[in-house]
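Annotated coiled coil per TrEMBL: 1-38, in sequence order. As annotated by TrEMBL, transmembrane segment applies to 80-101. The domain 'FecR protein' annotation in TrEMBL covers 114-209. Feature annotation from TrEMBL assigns domain 'Protein FecR C-terminal' to 253-319.
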Amino acid sequence: MENLEKKYRQDRLSRKELELLRQQVNSEERQKMEARLLDIWMNEDTENETAVSETEIARMKKAIDHRTERETKPLRRLGIAMKVAAAILIPVLLISTITLYRQNSRLNSKEIIVSTGSNERAHVTLPDGTNVSLNEKSSIHYPAVAFSSGQRHIRFEGEGYFEVKKNSHMPFSIHTCHLEVEVVGTKFNLKARKDEQHAVVTLDEGNVRLTSVLSRQSLAMKPGNKVTLNYQTGNFSLETEPRKETPDWKKRQFVFRNSRLEHVVKVLEKNYAVTIEIAEPARSEDLFTGTITASNLHEALDIVATTYHLIIQYTPKKILLTNKKHQP
């Protein structure tokens, strides 16, 4: 190490030698380092110091008190020791800074992904305090050092309920394949699945601005609004009246209002990944209003069967709903 330190003071270190010096200094015990620095100070090479004439020395002796001279010597020695310490620590700090910069750059390129599978739910708290509840088959993507650069951007696919932390100086934006959502602080439900034909946004609180990726059409939402984006046209449709059907997936239930039996069955088929057939002569024209669980298939079918006076018949490939027992 002594040779490396000397070469550093002479500005003759190569990059590899500088890295080696850093490693040796970092691994050295503090007491040993102090002792070695003191030894360097005591044996400091003065051959390169600027020569001072006898006349100048005499003048300085007259101008400086002997006691003051004694008191400044330790300071001079301390200054030499500090110079040696700085000679070693400066490259160490420099290399550490470069290392941290490189690590931070690698971290910037990484992405946090939270996703859910079938019948899975998840809750995510983003770095800014925004809370996101993910429905099944959904995903959220954001940088590992998200929001540290004065921006709040995420990518999203699926369905989720957002409670965005308010920050008027840093708008929150969501990017999907077909829709861009920008908010400041609000609560809303976003459904934007790739395998469907529409994206749906329902606003509970605050204000939201939507932009279609296809048409670049923009629309400002207010609380109580429900907006549907058509993927093929890129156009929005706005509803201000209460919805006829409100799937409360956060509570693991569906709320239907005046819905036909066929529609209720389709919702259950998709949620439970089963095939349900309505066999004649079931009264399928009757409208259904009520709540059905989204977490228990048998309980959900019992509610439908009781409401429509149906019999449930389970077979290996499908479920039959009929007024009489299924005959093979």
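Cβ atoms are placed via backbone N, Cα and C, with glycine included.
Remark: secondary structure over the domain 'Protein FecR C-terminal' (253-319) totals 24 helix, 23 strand, 20 coil, with classes taken from DSSP. DSSP assignment over the domain 'FecR protein' (114-209) gives 0 helix, 52 strand, 44 coil. Averaged across the domain 'FecR protein' (114-209), pLDDT in this predicted model comes to 89.
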